[in-house]
Amino acid sequence: MSARHILVINCGSSSIKFALIREDREDTLLSGIAERLGSAESELRWQSGEQQHSLKIPHAGHRQALEQLLPQVQQHADGKLSGIGHRVVHGGEHFTAAHLLDAAALAAIRSVSALAPLHNPACLQGIEAALGLYPELPQVAVFDTAFHQSMPAQAFRYAVPEQIYREHGVRRYGFHGSSHRFVGRRAAELSGLPVNDSSWLVAHLGNGCSTCAIVNGQSRDTSMGLTPLEGVVMGTRSGDVDPGLHLYLGRKLGWSLQEIDNLLNKQSGLLGLSGLSNDMRTLEQARSEGHAGATLAIDVFCYRLAKSLAAMSCALPRLDGLIFTGGIGENSPLIRSQTVAHLPLLNLAIDPQANARSVGGQFGEIQAGNHPRILVIPTNEERQIALDTLALLPD
Ligand code: AMP
């Protein structure tokens, strides 16, 4: 049988990110984004190898953008696209794994949309457009939350009355599942350990950041919660704050819940702390020039991250290693070393030279001497989504 190709789609309300993956190749054949959909500035941009392309598609919606994109995809797939994998943010408790898209699955995704009111309806728009264009092609939904459905109740339940959980689904779900799953498996492979007998801490550090405890290939705890706002400090998200903050700001400033939500999701995190930027590269540069806000933002980011990793260690029977991934985790020796410096009680220590070398999408093993492994592993959420899709294709 010739190698199969999967198109991976990640829809936002006005954008579609896409990647074409071939099962026997680690690289991406074609990737890009359709942006500002629904406006006069709608544009499709894609790259294959070194070549960059763009196409203006004024007023295109999701369906029109996919129509423009699919001939490119078919050309790069030698006309043999085997399936489409859709990234879906929230699967609630309904989805514990990826799922073939049929009418029942669509209804179930719709039924959990209240948990992700901005994201799931956007995903559904993309799914419906793709199903309309390719009704015969197998299509699969891969959920950010599904990997974390293996968490035990002691990790996923909040200490609120049972009824709030049972009737309204208020619990920890966790996100970044495809990334945590991908790097957890890769870490076991690279370390020569069986996935089903391995035990990892993961720090996924991108614009969004989360930690995870993975035991025997399964998530046992994670820092994000009901929404992606909980946990460690992120680019513009605050991570954990006292829930009493809402009432305090409401009373003191007369702010609505919507305004407070906007503050915590869009104006906080690295951006809020530094008063400068949500981008770690900018902050590292500013810190080196003595910028106090950037220095504080990095200090809080690393300390809070280390605290979260130490908390995650409660879910592990032993520590086979700590994994750094995501744009910051894969590229910032400073953040890795400053975080690990807070974790001597986990016996973690970094080799400075190996740390400095492990940048730019390279795998690296960066622990000092006989200390537990610290691995830098480039994540590949698109590949994980493609693998999950391939596993569900009919023979
Ligand atoms: P992601 O969402 O995974 O693409 O990660 C985005 C984050 O990675 C941003 O905060 C970037 O500033 C950060 N990042 C990318 N490259 C570097 C780098 N060389 N050093 C520090 N941070 C980086």
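Cβ atoms are placed via backbone N, Cα and C, with glycine included.
Note: TrEMBL annotation is automatic and uncurated.
These come from TrEMBL:
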- Asp144: active site, proton donor/acceptor (ACT_SITE)
- Asn10, Glu381: Mg(2+) binding site (BINDING)
- Lys17, His204, Leu205, Gly206, Asn207, Gly208, Asp279, Met280, Arg281, Gly327, Ile328, Gly329, Glu330, Asn331: ATP binding site (BINDING)
- Arg87: substrate binding site (BINDING)
- His176: site 'Transition state stabilizer' (SITE)
- Arg237: site 'Transition state stabilizer' (SITE)
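A map of TrEMBL features onto the structure.
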residue	record	Cβ within 10 Å
Asn10	Mg(2+) binding site	22
Lys17	ATP binding site	17
Arg87	substrate binding site	21
His176	site 'Transition state stabilizer'	29
Leu205	ATP binding site	28
Arg237	site 'Transition state stabilizer'	26
Asp279	ATP binding site	16
Arg281	ATP binding site	12
Ile328	ATP binding site	26
Glu381	Mg(2+) binding site	25
Asp144, Glu330 as recorded positions, winner by CB count within 10 A: Asp144
Cα-Cα distance linking Asp144 (active site, proton donor/acceptor) and Arg237 (site 'Transition state stabilizer'), given in Å to the nearest integer: 18
Entries of His176, Asn207, Arg237, Arg281 (recorded positions) sitting next to ligand 1, with Cβ under 6 Å as the cut-off: Asn207, Arg281
Shortest C-alpha distance to Glu381 (Mg(2+) binding site) - which of the recorded positions Lys17, Asp144, Asn207, Glu330: Asp144
Whole-number Å value for how far His176 (site 'Transition state stabilizer') lies from Leu205 (ATP binding site) (Cα to Cα): 10
Inter-residue Cα distance where the pair is Asn10 (Mg(2+) binding site) and the residue listed as 'substrate binding site', in Å: 5
For Asn207 (ATP binding site): intrachain residues, at least 6 apart, with Cβ closer than 8 Å: Met234, Gly235, Thr236, Asn278, Gly327
Pairwise CA distance, Lys17 (ATP binding site) versus Asp144 (active site, proton donor/acceptor), rounded so that it is a whole Å: 15
